[in-house]
Amino acid sequence: MIYIFGSGLAGLSAAISLHKSGYKVTIISKKINGGSSYWAKGGIAAAVGNDDSPELHKIDTLEVGDGLCDSKTVDYVTREIRYVVSTVEKWGFKFDDDLRLEGGHSKRRILHKTDDTGREITNFLLNLAKKKGINLIEDKLLALKVKDGKVAGFITEKGGSFDAEKVVLATGGYGYLFKFTSNPSTNIGDGIAIAFKAGALVSDTEFVQFHPTVTTFDGQAYLLTETLRGEGAILVNERNERFVFKYDSRGELAPRDVLSRAIYDQYKKGHTVYIDLSPIEDFDRKFPILSNYVKRYGKRLQVFPGVHYTIGGIRVNTRGESNIKGLYAIGEVTDTGLHGANRLASNSLAEDLVYGVNLVRYIDNWEGLSIDDVKEVIEVRLRNSSNRLSLEEIREYNWNYLGIVRNGEGLDKLVKIYESNDTFNDNASLVSLLSAKGALLRTESRGAHYREDYPNKSWEDGKRIYFMVSRN
């Protein structure tokens with residue numbers, strides 16, 4: 001039996017692929033239909049157009065990743081996604097015929113299903129998993145059992161203790177640890193914290209991606225997909241100034257980190273920022289879901305950057321293998337090196353599918369993550385304390401000190417807060433500590449990580465920060 005924790009795109013695609021090859025699979029998830037995949041609006045980046053190629057997709061990914069992408073991983077994903085997309089289509093999923101353009105991409109390569117791709121494909125895979133008879137259980141992972149560097153099992157809240165030689169973590173990221181986010185409340189980094197406490201290597205936790213255009217409908221955060229700007233939507237302030245070209249010559253199609261800081265700067269200067277959807281031709285047909293909201297709210301919507309994706313996580317190789325034998329990790333819970341310092345739009349669902357569908361190739365042929373080339377690992381001591389912050393306090397702290405623009409004074413304060421907190425029992429505090437500590441240590445600005453006291457890129461390309469739990 002192979003146990004997969006998480007029922008988003010990565011977990012479901014892995015389960016179906018394994019099941020089709022004859023493996024017994026059980027999916028365990030805090031909420032079967034509650035992950036981030038449902039909220040992905042744009043689509044899946046794949047070089048399937050006649051004027052496109054994996055090499056061009058790779059170039060765009062490396063450019064946006066700002067010197068921190070793992071070239072081998074980028075090669076793997078940009079090449080394999082075309083095969084994986086055809087596999088999912090053979091399973092019965094149908095993408096819309098047209099390819100769309102998003103920020104940072106040099107070609108139209110975004111495969112989509114209406115303007116709600118994440119929900120459409122995740123629902124399809126969930127229904128397929130149910131039809132295949134794959135066991136789906138709602139439960140919460142509490143701990144991994146590891147013996148002599150190998151997975152021995154796990155403990156869940158309801159089910160108790162289980163023995164297992166192979167565990168797949170697909171539990172998502174930690175975006176809900178910030179006050180303003182497009183992520184669901186399940187995304188608090190549990191999988192990362194549990195793996196870390198078990199001895200897994202964790203990296204790149206300082207890189208938190210803010211999506212530039214989040215709005216609110218009916219009091220709820222709503223992601224306004226990158227595709228809107230690819231189809232002609234523009235950003236303006238209350239003076240109707242199209243301000244983005246002051247910050248980047250690519251305008252509305254600049255990478256997310258650039259636009260997020262530009263919008264943040266506009267608000268800091270006293271302006272209000274809107275996205276104007278009126279230039280989009282045939283809007284109702286292209287964006288039928290959003291169109292329902294626009295009929296009530298209009299085509300000029302106030303926007304603000306919100307946390308959308310967390311780049312750091314469990315360090316894995318291109319096979320989804322961690323440094324603990326038998327522990328695989330796929331999806332946003334990982335740090336594969338694909339995204340570098342900043343994720344290219346619609347590469348996350350591509351990564352989910354490539355690592356999920358292809359896991360079957362490696363499940364019986366363990367190689368493990370090689371850490372021989374890791375020059376320095378920072379050990380972090382866990383604290384068992386009665387001092388415990390509420391989740392809302394953590395979200396407020398992270399938004400204030402670990403947000404779009406950071407500085408050493410705020411980060412140092414934040415690290416000290418979490419170091420005095422219960423990081424042994426509280427996963428949210430532990431992951432927040434790793435993120436804040438990474439941001440404090442990275443004394444430069446790169447990609448999604450911006451330090452106003454170190455505004456320039458100064459570290460050598462490829463240098464990343466690794467954490468491991470201290471056993472002393």
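Yeah, the Cβs are placed from backbone N, Cα and C, and that goes for glycine too.
Bear in mind that the values here come from a model prediction, so they are computed numbers and not experimental data.
According to Swiss-Prot, the features are:
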BINDING   7-10, 36-43, Asp190, Glu332, 348-349  FAD binding site
SITE      Glu102  site 'Important in orienting the L-aspartate substrate'
ACT_SITE  Arg256  active site, proton donor/acceptor
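Take the CB of Tyr38 (FAD binding site) and look out to 10 A: across all protein chains shown you find 18 other CB atoms. Ranking the binding-site residues Leu9, Ala40 by other CB atoms within 10 A of the CB puts Ala40 at the bottom. Separation of the C-alpha atoms of Arg256 (active site, proton donor/acceptor) and Glu102 (site 'Important in orienting the L-aspartate substrate'): 10 Å, rounded to the nearest whole number. Counted within 10 Å of its Cβ, the other Cβ atoms near Asp190 (FAD binding site) come to 24, all protein chains included.
The Cβ of Ser348 (FAD binding site) lies under 8 Å from the Cβ of Ala40, Tyr309, Glu332, His339, each on the same chain and at least six residues away in sequence. According to its DSSP assignment, Arg256 (active site, proton donor/acceptor) is helical. Glu102 (site 'Important in orienting the L-aspartate substrate') sits 21 Å from Leu9 (FAD binding site), taking the Cα positions as reference.
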